[in-house]
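Swiss-Prot annotations:
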TRANSIT   1-9  transit peptide
MOD_RES   Ser24  phosphoserine
DOMAIN    56-89  domain 'KOW'
Amino acid sequence: MRLSALLALASKATSSPFYRYGMSRPGSIADKRKNPPWSRRRPVVVEPISDEDWHLFCGDMVEILEGKDAGKQGKVVQVVRQRNWVVLEGLNTHYRYIGRTKDHRGTMIASEAPLLHHQVKLVDPVDRKPTEIQWRFTEAGERVRVSTRSGRIIPKPEFPRADGIVPETWTDGPKDTSVEDALERTYVPRLKTLEEDVMEAMGIQETRRFKKVYWY
């Protein structure tokens with residue numbers, strides 16, 4: 001694991017109470033355009049689901065239950081936990097124009113619209129049909145998803161992150177900081193100042209005598 005990933009996990013992002021999550025990555029140009037600092041957008045009511053109960057991840061094969069693409073199966077390519085959204089590759093699409101100017105109508109592209117978590121279901125790998133799941137523990141203590149109909153374990157898929165890295169298959173390179181080195185405690189707190197530490201390390205003896213200073 002890279003040191004930047006560890007620092008990202010340690011950081012805590014804070015957002016405005018009027019901030020509204022969307023399809024764009026938080027902090028991107030498109031997100032800043034939709035959420036300017038002066039905007040006061042009405043908050044969106046979202047069904048609270050804990051991280052322990054959430055069971056849809058990028059790379060999962062699911063089937064759509066509602067909408068124009070009901071009955072079709074596709075792969076989850078994006079999950080927006082703050083809105084309970086999932087985006088399927090090539091499904092539930094709508095068409096829009098980009099690059100529109102005064103003299104050019106723009107280019108029409110297909111864009112996937114998000115679906116709520118209750119509008120899709122995981123596909124059972126045994127019969128390729130939608131199924132309910134339960135979280136259970138294996139004999140080794142691993143928490144897995146189990147189909148309630150067939151009892152088959154549905155493993156979490158290995159899906160690359162935004163930078164193209166699959167954490168489960170990543171191997172550290174010569175320029176990567178290992179987890180052991182990043183977590184190693186090398187700093188020893190001391191009451192001395194930086195100047196006193198440098199003088200002690202270099203063997204510098206202070207021979208000057210400072211005059212008294214009075215504070216009024």
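In case you wondered, yes, glycine gets a Cβ from its N, Cα and C as well.
Note that the structure is predicted; figures quoted are calculated from it, not measured.
DSSP assigns Ser24 (phosphoserine) to coil in the three-state reduction, placing it in neither a helix nor a strand.
With a cut-off of 8 Å between CB atoms and residues at least 6 apart in sequence, the same chain places Ala30, Asp31, Lys34 near Ser24 (phosphoserine), listed in sequence order. Helix, strand and coil counts from DSSP across the domain 'KOW' (56-89) read 3 helix, 16 strand, 15 coil. On the 0 to 100 pLDDT scale, the model's mean across the domain 'KOW' (56-89) is 91.
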